[in-house]
């Protein structure tokens, strides 16, 4: 028996394929860790010892900007993946991840955190767009299913990593530790080969043969290489603009509607908001376990749950799994919604004591939601995505799917914090519950069953143009294949989107009309003093500055829809003139008029220079006037004085300072 035959028949014949798959999917550990980072990071940023104090609104931007950045990932993938190759572009996805973690390590402002999250989003979107393409082109038919499962497993490992490490290390230490993930991916994946399909598309048959020979661990690869060449040639012959074919071909448009429904449905359940704010949500539960420990349990359950669809999707079918998934998700979310409604609107129903029996009810609801979401909504849409589109436009369909998903994720994650602060957490959960119910109805009417159907049969189903209230049926078994009511689907989609509109059970007021004691201004949790001027940031020449204030609990401000609002406060406008510099110039160089030149009085400075400071008498007068701050900068601004320096405020008689005579005077 030859060495090559031993490789084919032995247990290790797929070893190199698994090595390449693990190296490629390590990019998902590095990128999805960015999504899991917000759960332990937000409590640290909003805590009393925060390195960068943030408001709830800023926290929602930190979480949701990842999704904005992720929109650009598929676009970059579509532009460069067929030009430069799968491997170089996937390696490049680690660069914005590394840059983002470095931004967080050295961040001194919320703006740097925003920039880091946008960079993370770009790397996240790139990794999620390219990794499935790479896996599909390097894996043989026998292991393509198991390597595909690695995409979801590695993503859940990333959440488990961040949830387990984040609560027990410092904010910047977590960033340093997370930085090791993209660096490790670069070190692993750098040695992996380019895909044979791309090399054949670039007419480099020799390199394609070497890549395939390493992946299959055998030398007799001529037959498989020939099949690959045929597929590449067919793809080139079809030509045309894939995006144009996706949007204009009737069968593809029907497939696109199905994918858009699944994309909207899976994200409007609130999965990303619940995972991103898990510690914040669990901190409200009266349980003996801490919020960090509950998040770790959640991550472990999530990791185990994603294994289930591997064994069920080809046995139970797509539609049954999707319907069961939406039903279970609906029950779990409704349980949480009821609990938080009672918790936030009543005072005598739930006990606040840790360890109370009812405290486990919402946590159990979240676990039920996570498990049932995993068996259908989390994985089946990706299987259907690969079945309902022809091969030559799958990349374009994947790009559209990823862009729309990222946009919906941003909306859901951003609105979750806004609605929770403005109306209550229970309102967010009721919205997620309603969207899940609508998703189940749409799945029942629209999604076809593709289990056991050949690719040609599925394409035939997509080409059928059903009439109103008619159902395309299988010619042999007579069971429904696809249902496309013309009026029901659009109506329910509109209702689903309307559920995202924030509602509030509280009366909104203009917080600038609040009385003393109803607010704190400026908000002590924020650094609103500029260390360079020791004045409020944004102080104008009118000696006014708008600062962030915080209203008392239970008050919702109409301008921000939460407890934060801006208010105009008095300040001293500075324009770069330092008190210590002016005084030193007056004492040592006042006879030459240096102090007056510095403060913007050139005429008096020139007069002092010509008269030697009025024979030193004028110098002495100016020293007194500047020391007492009677003379200031000519432009009317105030001196820049260190917080420990002498600050003089002239108090003049007005309606606020006038002393009224008292009877005992």
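Residue numbering: from 1, along the chain as shown.
Just so you know, glycine gets a Cβ as well, placed from its N, Cα and C.
TrEMBL: automatically predicted annotations, no manual curation.
Feature annotation from TrEMBL assigns domain 'Major facilitator superfamily (MFS) profile' to 19-451. Under the heading transmembrane segment, TrEMBL lists 20-39, 59-81, 88-107, 113-135, 142-161, 173-192, 256-277, 289-313, 320-340, 360-384, 425-447, 576-594 (among others).
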Cβ-Cβ under 8 Å with the transmembrane segment (88-107): same-chain residues at least 6 beyond its ends: 24, 27, 30-31, 34, 51-52, 69, 73, 76-77, 80-81, 113, 115-120, 122-124, 126-127, 130-131, 134, 172, 175-176, 178-179, 181-183, 185-186, 189-190
For the transmembrane segment (59-81): best-contacting stretch of 20-39, 113-135, 173-192, 576-594, by Cβ pairs under 8 Å: 113-135
The transmembrane segment (173-192) vs the transmembrane segment (425-447): 3 or more CB pairs under 8 Å: no
Long-range Cβ neighbours of the transmembrane segment (113-135) (under 8 Å; 6 or more residues past either end): 21, 24-25, 27-28, 30-32, 34-35, 52, 54, 61-63, 65-74, 76-78, 81, 86-87, 89-90, 92-97, 99-101, 103-104, 107, 144, 147-148, 150-151, 182, 195, 382, 395, 398-399, 402, 406
